[in-house]
Each structure stands twice: as C-alpha cells, then as structure tokens.
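Accompanying notes for the structure given below.
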Amino acid sequence: MMLRWSGIWGLSPPRIFPSLLVVVALVGLLPVLRSHGLQPSPTANTIRGAEPPRERSIGDVTTAPSEPVHHPDDRNLTNLHIEHGAKTLRKAFPVLDIDYLHVRTPFEISLWILLACLMKIGFHVIPTISSIVPESCLLIVVGLLVGGLIKGVGETPPFLQSDVFFLFLLPPIILDAGYFLPLRQFTENLGTILIFAVVGTLWNAFFLGGLLYAVCLVGGEQINNIGLLDTLLFGSIISAVDPVAVVAVFEEIHINELLHILVFGESLLNDAVTVVLYHLFEEFANYDSIGISDIFLGFLSFFVVALGGVFVGVVYGVIAAFTSRFTSHIRVIEPLFVFLYSYMAYLSAELFHLSGIMALIASGVVMRPYVEANISHKSHTTIKYFLKMWSSVSETLIFIFLGVSTVAGSHQWNWTFVISTLLFCLIARVLGVLVLTWFINKFRIVKLTPKDQFIIAYGGLRGAIAFSLGYLMDKKHFPMCDLFLTAIITVIFFTVFVQGMTIRPLVDLLAVKKKQETKRSINEEIHTQFLDHLLTGIEDICGHYGHHHWKDKLNRFNKKYVKKCLIAGERSKEPQLIAFYHKMEMKQAIELVESGGMGKIPSAVSTVSMQNIHPKSMASERILPALSKDKEEEIRKILRSNLQKTRQRLRSYNRHTLVADPYEEAWNQMLLRRQKARQLEQKMSNYLTVPAHKLDSPTMSRARIGSDPLAYEPKADLPVITIDPASPQSPESVDLVNEELKAKVLGVNRDPTRLTRGEEDEDEDEDGVIMMRRKEPSSPGTDVFTPAPMYSPSSQRIQRCLSDPGPHPEPGEGEPFIPKGE
C-alpha cells in the first residue's frame, strides 16, 4: 500500500521526511504548552500573545513571577531544610530543571521560522505539487491546518498582529525589492507605473466604495447601517495590489520584464495612495461635518506622504553611502549598515505617517551604486543572500499566519456584501486597466497589447497588507469591521488561489513572452549603452529634451559632485576597463608564480614557443581560463559606469554652433589617399596584378553581351587598361593590351630606362586609381573573345582578382556574362 501511494504521488520517504518532522514537532509541542497553561491571548502585541506580568530584580540574570506559586513537591526549592532533632537534612541539587517561561518567546518564534523553512523545502522536493499550485497557496493551506490543529486541542491560535506585520515582516520584502530593483526598466516605464498606481488605485477605491454603498442601501437589515464613509474606507483597503502576493506569484511564472515591472511597480507605489486614503477616511470618521478645506488638505496630504517618504529614503541612502566610505578597515560590519539605515528609513517614515514603503525603495535605490563601490565583494554577497533569505522567510511567515489568523479570527458573514465585493473588485480592475491602457498607448512607443492588458488585470492580487489594514479598523467608529475583515479574507483567498493558480496556464495558453533566463552578454551591454548615447546625441541635435537628455544630465552631476563625496579614493574616478584587465593579469601572473609554472614559459614569446608549450593534442582545450561570474559581473559594472562617460569627453556642440575646421578636409583627403594606396599595394602583393577599379564610373552589373560591347570613357590623365572578357573555353584568361603598364604593375619592365619611377608615373597614379575599358573589335568581323596572336592564353592565365566572372552559361545560352569589377 505504501509503494502504491508513493507511486501515485511520486513521493519517497526522504521527500516526506521534512513534513512529517514538522507535524511531529507540533504535536509534541502542544501537550507541553497545555501542561504549562500557556494560553496565547489574541489581543497581545506580539505573535504569541501577552505574557503574565513579571518582574526582574536588580542584578538577577533570570526573571521570576511576581507572585510565585508554591507546590508541595516543587523541585525548584533548593534551600529546603528539614530539621530532625539536632541533625539537618538537605535536599539534593536538581540535575535537570525545566523553565519554559524563560525561553518561551524565542522558542516559539524559532519554531514558526523552522516550520516555514521546512514547508518551503517540502514543496520544492515534490515537483508534482509545486508545478501546479503556487507556493503562496500551499503556505496558506498549511496555516489553515496548523490553526485548526491548535484550535482542536483547546488552545487559542496566534493571530497576525498589524504591528508585527508592518514593523517586522513587511520591511525585509520591500527592502529586497527596492535594493535589487531593475532600475532601467523601472525608470523607462515610470509614467505608466504611476498612472496605474495612482489613478488606478483611486478609481478602484471610489468605484468599489460607491457601488458597495448602493448595495448596502438595498441589501437588507444587516448591512443597512453601513454608511458611505465606511464603504469608502473599505474600498481604499481592498483596492490596492499587494506586493507580497505579486512577488510570490509572478516570480514563479517567469513573466517578461515589462509586465513584471508594471504590476510589481504598481504594487509598490500604490502604498502612498492606500496610506493617504486610509488615514483620510479614518480621520473623517471622527468629524461631524466635512468641508471643502478638509478635502483639499486630504488631497495635499497625498503629495506630502509620497514625496516625504521618498525624501526620507534619499536622506538615509546618502548617509549609508557616506558611511561606507570609512569601512575599508572593518569589512565585517559593512552589510550591517545597509540593513540598519534602510530599517531606520522605514521607521522614520512611519513615525511621521509617511509612506514607509516609498522610503525603503528610495533608500535602496540611492545607496546601492555607492555602497557597492565602497564595500568588498564578500560583503556584497552577504548583503545579497541575507536579503533574499530574510525576505523569503518573512513572505513564508506572512502566508502561514494568514491561514492561522483565518481560523483564529471572529467572522461575520453576509452573502450579499461578500459576493458583491468580490464581483465589483474584478469589474473595477478590468475597467481601470482597459481605460488607462487606452490612454497610455497614445504616448507609448511600445504599445501594451491585449494580452498584456489581460495579464495586468488578472495579476492584481490582494494580500496581507489589506488584511492588516482591515484588522486595524476601530470597532467604535466602524461597527461592521468583522464583516469587512471577512470580505477581505474572501477576496485574498480568491485572488491568491483562483487567479494565482490559473495565471500560469493562461500565460502558456496565450503564448505570452517569458523572461530571458540568461544574462545579457557584455556585447549586448555595450550596444545598449551605445544606443543610449546615440539617442542622447539625437535629442541634443533636434533640440528635444527627452528622458535620455535628463538621464545624461543626472549622470554628469553624479560624476562631478556626488561620486567624489560618497565613493572613497581612486574608485570615485572613472573606472577603466584596461585597469581591471591589468589587475586580472597581475593576479593570474602571481598565481602562476606561486604554483611554480613560471619556469616552463620561455623568455621570448613566439608562435613556435607557444606551440611547444601547448601541444596540438590539447588544441581543443581553452588556453585562457573562462571568466568567473564575479569577474564578469565586475566587468559589467565597469562597462555600465564607463560607457556613461563617453559623451563627456567631447566638446559641447549643437546645430547652431558647428564650426568647420579649415584643415580637416585636407587631412581627411590625405588619409583617404594613403588608405587607397595601402589597399592597392596589398592586392598587388597578394595577386600580382592591379584591380581594375573606377570610382567615378557606375558599378558594372552582370549584364549579357549584346551586339556592341559596353565601354566607359576614362579620364584623360589616367592610364587605360583594355581587358578582353574571358572566353568560354578559358574563363580565367585576361588580355592586358597595354604591355608597358603590365610590366610596370608586375615589376617586369623590359625597358631599362624605365626602371625608376619618374614624375610622369606619379602624375598618372595621382589618385591611386586605374581606369578600365573593354577592348573594341578591330573590325566588324573580328571576334571580341579572340586573344591577340602574340600572347598565348596559357601565359595570360592569372589568379582571379578583378571579380567573379559569374556562373558558367547554361547549355542553351551562348552569351557569357561580363565580369563585374571590384
């Protein structure tokens, strides 16, 4: 039976071992919790709930309850004295003791993290499940099972508190997204992202709030008392796309970069709109009447929240970059500054009710180029993997606690309100994407196709941010908050399970372009930067200031001022690819000397000596070792930063101040003549003849010979070579009629007086061009193809250097082709 079950599911005992281990650990922990009377309170400020009041005495390492309870057989009483006459008996020292309250908090946190990690391992070792169901769905199911198990044994399941989510679980995910944000794709599509994030979120919030208010008016007695302000607050919570859910789903389907950055960028930037609307409607709930000034201040607060969060992030990013200048002697603490300054930016933004997500993104984007230029490669690797690990664990815990909190929370169900909420969310998303895309495509060069619009609309997933904001609602001002929370959980489960599970087959069905898995080559990087500089120059010439122009201005300012302040030492200057090459060569030479292989290399490098070192039998192996990923990444960084400075070495110009150099034309003509002479000498040395070439005449095409042979009139001051076309019997035969020129070209001059080249030859070869003319027949009856009697065809057979004579004529064709001049 076990073999049949394993064969059906494709599982083996090693694969199910992590899951069984987690189940055994949970089942074993529950009796311990029950025996010690640990009842986590759902109203606690932490995940596990509030602890009983405890007091700590001065100088003590451990804590003790304020009111200790004494038991008759308590083993912790080590100073128990039993007097029996004059003799005092003392109880033995306890070898083993249990104090769970002392380690309760870190133990439970570690257990939940261990559960999250083991669940991720278990999902990925079972490909039949992970290929069909997204990881986020499986984690929510695990949370539901764990919550039901805890509730089944009589315990209170832990609840995902909003403070824990916003202060501890959300920042690692946003920092990872902001620090490794693909900046090029993000900036190129920033306008589209802002329209979807701002206008789209506002449309969803007010459209959903207005329709739900109309439903509440006619929905029955249970929801008749829900006002317009309540539905608008609920609409602002449920309308925002969640970045955690988007990251979890879109990274598994490997969608192309454009769609990924549009949906993910929208989920990041709509936080400012969500925060403003939430606090705005929450404040309006305390007012008796709302005036025009209140609405205007609420509109102004949007810019304050968004731009204030960006400003806080930029300030902390600059401070982090400046601090990294002085960490060259203490490399161990370099990664710590990145985490601390980013987290301080988030907390500072939340302190003033600004957008903490915008602050984290801004700090990560600003600090990354300068910090990576200052820190070591090992520190960069540490930052990369720690952020990935931290964000992955936080994301896993969030989805698990969504399932646990669903079991632990109090719910209120109303079919009309919940189904209307789900239906209106889908309608608002589809209408918003269609209308906004129609407007955006009027200004985009790369249009968004109907397939792209469908993926954008279908990828609007909701997640833990909406759940946490719904949990923060005050029951005093919003008495139907339990109904709102139930509707939020329903929408989250529908988007994560239904849309998240079906988006992968839909992407395959629609043949949507996938993400390029391999990195771009260095050649592609060079050509991309080349096109950027080309477009910048075109914008300058045309007088049109697009984003390439402002990007170039920002790069110039960055190089002139910012880099000198934030990057230490010589690294603040322009990095050179040649310097990196010398560094790499020096490292290889040192390794070669240390390995003792220097004596095998001869002092004089030649082709023969290199062949002796590397025999022909090893020709298939590469002489030079392949570049490692680290070196290739460093070359990419050098090229990115170095190619941005190419235009700065040129003098400034525009279309109105073009000054011609008087010596430039003469210099170019001289260089051109030298180049022509060099090419002519090379052809003479290779083919022992002169290519018949006339620049002023049109190119001879492969036309068939008619009654009259084709001829071109040469210049009077140029020598003439008359050429007989090749006969069908000897297609390689060429008749050079001018014998003196032939001897001059071949270096076989029969006249001793013409051995030296005189002024007449220099005049003839002034331009380094030899003119060509076809031989005219002496009489109408003379055959054009008959060679002169004084020259035999075999003596005139030379290598074909003039042109390709073309294919042999077909059997039915008696007319050969005219050779085309090179």
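Just so you know, glycine gets a Cβ as well, placed from its N, Cα and C.
Checked against Swiss-Prot, the domain name for Thr156 matches that for Ser410, so both face the same side of the membrane. Of the candidate ranges 239-244, 389-394, 719-724, Swiss-Prot annotates residues 719-724 with the feature region 'Interaction with PPP3CA'. In this chain, the transmembrane segment (163-180) lies out of contact with the transmembrane segment (480-509); the count of Cβ pairs under 8 Å, excluding pairs fewer than 6 apart in sequence, is fewer than 3. The transmembrane segment (415-442) makes no contact with the transmembrane segment (333-345): fewer than 3 of their CB pairs lie within 8 A, with pairs spaced 6 or more apart in sequence. Confidence in the topological domain 'Cytoplasmic' (443-448), given as mean pLDDT, stands at 90. Same-chain residues lying 6 or more positions outside the transmembrane segment (227-253) and placing a CB less than 8 Å from one of its CB atoms are 134-136, 170, 173-174, 177, 201, 204-210, 212-213, 216, 260, 263-264, 266-268, 270-271, 273-274, 277-278, 281-282, 284-285, 357, 395, 398-399, 421, 425, 428, 459-466, 469-470, 473, 478, 480, 484, 487-488, 491-492, 495-496, 500, 503-504, 507.
Where the transmembrane segment (257-287) meets the stretches 135-152, 333-345, 355-375, 378-408, the count of C-beta pairs under 8 angstroms peaks at 355-375. Contact between the transmembrane segment (135-152) and the transmembrane segment (378-408) is present: at least three CB pairs lie under 8 Å, with pairs separated by 6 or more positions in sequence. Note on the topological domain 'Extracellular' (346-354): residues 166-167, 171, 174-175, 275, 279, 304-305, 308-309, 312-313, 316, 360 of its chain, located 6 or more positions outside it, place their CB under 8 angstroms from a CB of the stretch.
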